[in-house]
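Participant: Sharing a structure with you now.
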Amino acid sequence: MKKLCFPLFILGALLMACNSTPQVTNETALAEVSLTGNAVADVVGQASPEQRQAAPANEANPEAPLRSIPQTKKIIRSGNLAIESKDMTKSKVALDALCDKHGGYYEQETLTNNGNYSSYSLVVRIPANHLDQYLRAIEQGNDKLTERSLRSEDVSLHYFDTESRLKSKRSYLERYQQMVGQAKNVKDLLDIQEQIRQLQEEIDSQESLVRGLKDQVNYSTLSIQLFEYQANSPMGSKSFWIQLKQAVADGWSLIAEIFLTVISLWPILIVLGLVFAGWRRYRKSRNGK
C-alpha cells in the first residue's frame with residue numbers, strides 16, 4: 001500500500017505543477033504590459049470594452065512608423081555657380097528673365113562694387129524639375145562659366161519616417177481628445193490635457209520639418225556669383241577724356257569736402273578770432289604805454 005501511495009503522490013504533484021505554470025506565465029505577461037503601458041493607462045482602462053477596441057492599432061506606440069504611405073525618392077539638389085561677365089548689367093537682366101521663365105525666384109541678392117571689381121551674390125530657388133534646363137541655358141549663354149558644382153542629397157528615409165510618425169501621433173492625439181469627456185476627476189483631466197499639449201507640440205514641430213523638406217525637394221537652391229572685372233569693360237571706357245572727367249569730378253569732390261569741413265569748424269574759428277583780436281588789442285595798449 002505504501003509503495004502504491006508514493007507514485008500517486010508524485011503524479012499528483014506533477015499535475016499541480018503543470019496547472020500552476022500558465023498562471024505564473026499570465027501573471028508575468030500582465031506585469032510586463034503594466035510596465036510598458038502609457039502614463040495614462042489607468043484612464044484608458046476606465047473606458048468601455050467597445051471604446052478600447054475602437055482605439056487605433058498603433059496607439060500603444062505612436063512612434064511606430066506606418067508602412068501604408070507610398071514611398072518615392074525625395075532628393076534635395078543644390079549647387080554653386082560662378083559666372084564671369086563682360087557686361088554685368090546685361091548679364092543680370094538675362095539671369096532675371098531666365099529665372100522668371102523657369103518659375104524661380106531670388107531668395108537673396110547682394111551687389112558689391114569695389115572699383116575694378118563688381119559682383120552679384122545671388123541665391124536662386126528653381127523648381128527641381130526645371131533645374132537642368134536652367135543650368136543648360138546658363139552654359140549656352142554668352143558669359144563664361146568659371147565654376148559649377150552640384151550636390152544631391154537623398155532624404156527619402158528621413159522624410160517618410162517623419163511623415164509616418166506624424167500620422168501616428170495625429171491618430172493618438174485624436175484618441176486623447178476623445179478621452180477628455182471620459183475623465184473621472186480633475187487629475188485625470190489634467191493628465192490627459194498635458195498629454196494633448198505635448199503631442200500637439202511634437203506634431204507642430206514635425207509638420208514644420210516636413211514642410212521644410214518638401215520645400216527643399218520641390219525647389220533646388222543655387223548660389224550664383226556673377227562678377228565682372230574692369231578689364232572686361234567695353235573698349236575705350238578708360239580713354240583720356242574719361243580719365244580727365246573722373247579727375248575733375250574727384251577734384252571737385254575734394255574741394256567740396258574741404259569747404260564742408262571748414263564750415264563744420266566755425267565755432268572753433270570764432271573762438272580763435274576772438275582770441276587773436278584780444279591779443280592784438282592787448283599788444284596795442286601795451287605799446288601805447
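The count begins at 1 with the first shown residue.
Using N, Cα and C of the backbone, Cβ positions are placed for all residues, glycine too.
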Participant: Region 'Disordered' per TrEMBL: which of the ranges 47-67, 89-109, 110-130, 173-193 is that?
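Facilitator: Within the set 47-67, 89-109, 110-130, 173-193, TrEMBL attaches region 'Disordered' to 47-67.
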Participant: Quick one: mean pLDDT on the domain 'DUF4349' (73-279)?
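Facilitator: Averaging the confidence scores along the domain 'DUF4349' (73-279) gives 88.
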